[in-house]
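Notes for the one structure printed next.
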Amino acid sequence: MAEGSAAVPSTELLEWPKKDKRRFLHAVYRVGDLDRTIKFYTECFGMKLLRKRDIPEEKYSNAFLGFGPEESHFVVELTYNYGVTSYDIGTGFGHFAIATPDVYKMVEDIRAKGGNITREPGPVKGGSSVIAFVKDPDGYIFELIQRASTPEPLCQVMLRVGDLDRSVKFYEKALGMKVVKKVDRPEYKYSIAMMGYAEEHETTVLELTYNYGVTEYTKGNAYAQVCF
Ligand SMILES: N[C@@H](CCC(=O)N[C@@H](CS)C(=O)NCC(=O)O)C(=O)O
């Protein structure tokens, strides 16, 4: 821009963010038994089975589940590869999060159905949000977060990163996300950046976690990608 010239954004540019429909579409990952996971997510989490497809020529099947239709909600896309019954989840993928008005009640219900609670409900260490952790049949972790009400219960994907600033820049520049919250918990030696296309109570966000001094994680072969 030439020195002295006024920065007047065009009307078109000002209108563009209002029409911006970018959002989190689905998370793709692999499971060892499609029906087992569908049963767990529908019965324990209250997700709906949205659709299933079988691609025999490529020897895999998919199932899409979520808390509402794909047109308006973030959903999971499970992949079952014929004959492959287990995967290595790696250390880079952290968890998905589900918002619920009563974490204690949800944990009780999940436990009654035989679910594996790996962290009992209670305030997060160093904070006040009530959380719990549940492990699904393949070992994927789901964090349950207490929230009064939310348009999108499947509200977070947590990934561990080796350099928070580098990752924040990547998601800003490559995918147009914004940092909606940053938290540093030096007493627990980690920092997080919540990134997304809207505030964290309105939509799904990416929770990037940096553990002090940890610069590398393993990817495994189970978690595939998030589509936007
Ligand atoms: N070392 C942790 C750092 C992230 C972390 O601790 N996150 C919080 C949630 S934001 C947590 O899991 N807290 C465990 C607790 O409160 O028991 C990791 O890599 O998962």
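Cβ coordinates are placed from backbone N, Cα and C, and glycine is handled just like the others.
According to TrEMBL, the protein has these features:
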DOMAIN    23-147  domain 'VOC'
BINDING   Glu77, His95, Glu143  Zn(2+) binding site
ACT_SITE  Glu143  active site, proton donor/acceptor
DOMAIN    153-228  domain 'VOC'
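The structure, with features from TrEMBL marked on it.
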residue: Glu77; record: Zn(2+) binding site; DSSP (3 states): strand
residue: His95; record: Zn(2+) binding site; DSSP (3 states): strand
residue: Glu143; record: Zn(2+) binding site; DSSP (3 states): strand
Suppose we draw a 10 Å sphere around the Cβ of Glu77 (Zn(2+) binding site). How many other Cβ atoms does it contain, all chains included?
21
Around His95 (Zn(2+) binding site), how many other CB atoms lie within 10 A of its CB?
19
Same-chain residues at least 6 apart in sequence whose Cβ lies under 8 Å from Glu143 (Zn(2+) binding site):
His95, Phe96, Ala97, Ile98, Ile131, Ala132, Phe133, Gln156, Met158
Counting by DSSP, what is the helix, strand and coil composition of the domain 'VOC' (153-228)?
15 helix, 34 strand, 27 coil
